[in-house]
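**Student:** I have a structure here, written as structure tokens, and I will follow up with some questions on it.
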Ligand SMILES: NC(=O)N[C@@H](CC(=O)O)C(=O)O
Ligand SMILES: [Zn+2]
Ligand SMILES: [Zn+2]
């Protein structure tokens with residue numbers, strides 16, 4: 001990993017003017033030390049990264065990813081997962097505890113942090129710990145010990161916390177420690193055995209679908225519990241109109257609630273599923289076009305705070321089991337920015353700044369991270385993107401160990417060129 005002293009000729013988004021402006025960034029001790037206007041400084045080539053008119057952004061932050069390590073290394077591990085993240089322009093990622101063993105002890109938190117530091121391609125990895133032991137929803141984990149070990153929040157992502165009392169106890173404890181609860185919202189009793197949402201695809205194929213209420217019931221319950229406990233409560237992968245409505249209401253009465261949405265739920269509905277192809281199977285499932293409109297609206301009006309990938313690698317063999325039996329989930333790092341840039345920014349629906357903020361500044365501020373901005377003294381965590389490069393998604397080239405994506409062949413603009421963490425180039429398309 002080469003440390004650089006200058007990144008020159010980058011095009012930086014100026015929030016005030018709403019335009020891209022050329023700047024040169026000097027890096028010292030891993031931090032942004034100077035942002036220079038005008039001529040590029042005359043500096044040694046070895047210590048310089050020439051962004052040559054490309055977008056220069058704060059590195060992307062993804063607060064919801066699955067690295068599968070320990071236990072499911074045939075899908076992904078910390079090495080391939082962070083390589084995939086870096087290739088997607090991500091400099092900080094927060095990984096979910098649904099591993100084997102589950103991240104429910106200080107030892108496993110330490111395993112993640114140590115392996116990420118030593119073999120994580122320079123990418124910053126922030127571990128979440130489980131709410132319940134083994135994610136079984138029976139007994140709370142030792143929140144204080146997990147916090148001390150370095151966990152940044154608590155979640156049973158992969159499954160919903162089924163019992164309200166358990167969620168209330170978790171929130172009370174998390175609140176006393178100043179930690180957030182991150183929730184996968186799903187009522188099992190409404191979902192059992194189902195794998196696509198209630199909608200046109202399910203009707204056309206004569207299968208029973210997952211009802212939207214399965215998500216919103218938890219959002220509503222938890223918003224009430226967050227109100228009474230005062231905890232910071234964060235909703236995972238929001239996918240329905242009802243959830244957006246409930247989060248909006250909770251925010252309006254002052255509940256400390258935040259929320260995330262995934263690229264696929266912004267871009268795809270159940271009506272786009274071409275056939276019984278398990279690359280279109282994820283949890284939450286693709287919902288109706290009306291839900292897609294609602295989550296876009298929710299992101300636009302601030303009800304939903306940030307974008308996350310929910311990068312969920314599964315092996316080709318597992319995904320080959322067919323729609324009904326294959327596991328839920330799709331990979332996300334290496335398509336997230338090009339997908340959203342192409343679909344929302346190039347079409348004029350969003351400004352570039354709107355998209356960048358929801359992948360940098362907002363997640364940083366919601367989770368209290370020092371990165372996510374291009375300011376003096378901030379970590380030199382940076383992403384360089386070629387906004388004009390058009391290329392088809394080729395899953396065979398992914399750095400991830402898995403390539404389960406519905407976006408293969410999609411022609412997209414806005415491909416990452418280089419990723420820098422703490423002033424070191426951790427990935428570049430030249431060396432890829
Ligand atoms: N999103 C998914 O479809 N799958 C995730 C679990 C989860 O995020 O709930 C996984 O771990 O595979
Ligand atoms: Zn989930
Ligand atoms: Zn997840």
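Yeah, the Cβs are placed from backbone N, Cα and C, and that goes for glycine too.
Curation plays no part in TrEMBL annotations; they are all automatic predictions.
So TrEMBL has the following annotated:
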ACT_SITE  310  active site
BINDING   64, 66, 157, 310  Zn(2+) 1 binding site
BINDING   66, 67, 68, 98, 283, 314, 328, 329  substrate binding site
BINDING   157, 184, 237  Zn(2+) 2 binding site
DOMAIN    53-242  domain 'Dihydroorotase catalytic'
**Student:** Which of the binding-site residues 66, 157, 237 has its Cα closest in space to the Cα of residue 329 (substrate binding site)?
**Tutor:** 66
**Student:** As a check: which entries in 67, 68, 98, 283, 314, 329, the binding-site residues, place their Cβ less than 6 Å from an atom of ligand 3?
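**Tutor:** None, by Cβ distance under 6 Å.
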**Student:** Where does residue 68 (substrate binding site) sit by DSSP, helix, strand or coil?
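**Tutor:** Once the DSSP labels are grouped into three classes, residue 68 (substrate binding site) ends up as coil.
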**Student:** Among the recorded positions listed here, 157, 310, which has the most company in the form of other Cβ atoms within 10 Å of its Cβ?
**Tutor:** 310
**Student:** Taking the Cβ of residue 66 (Zn(2+) 1 binding site) as reference, which residues of that chain separated by at least 6 in sequence fall under 8 Å from it?
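**Tutor:** Correct list: 76, 81, 95, 96, 98, 310, 311, 312, 313, 329.
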**Student:** Between residue 157 (Zn(2+) 1 binding site) and residue 68 (substrate binding site), find the distance joining the two CA atoms and give it rounded to the nearest Å.
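**Tutor:** Between the Cα atoms of residue 157 (Zn(2+) 1 binding site) and residue 68 (substrate binding site), the distance comes to 13 Å.
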**Student:** Rank the binding-site residues 184, 314 by the number of other Cβ atoms within 10 Å of each Cβ and report the first-ranked residue.
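**Tutor:** The residue with the most neighbouring Cβ atoms within 10 Å is 314.
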**Student:** Near ligand 1, meaning Cβ under 6 Å from any of its atoms: which of the binding-site residues 64, 68, 283 fit that description?
**Tutor:** 283
**Student:** In Å, rounded, how far does the Cα of residue 67 (substrate binding site) sit from the Cα of residue 184 (Zn(2+) 2 binding site)?
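**Tutor:** Pair distance, Cα basis, whole Å: 17 Å.
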**Student:** Which binding-site residues from the set 237, 283, 328 come within 10 angstroms of residue 64 (Zn(2+) 1 binding site), judged by C-alpha positions?
**Tutor:** 237
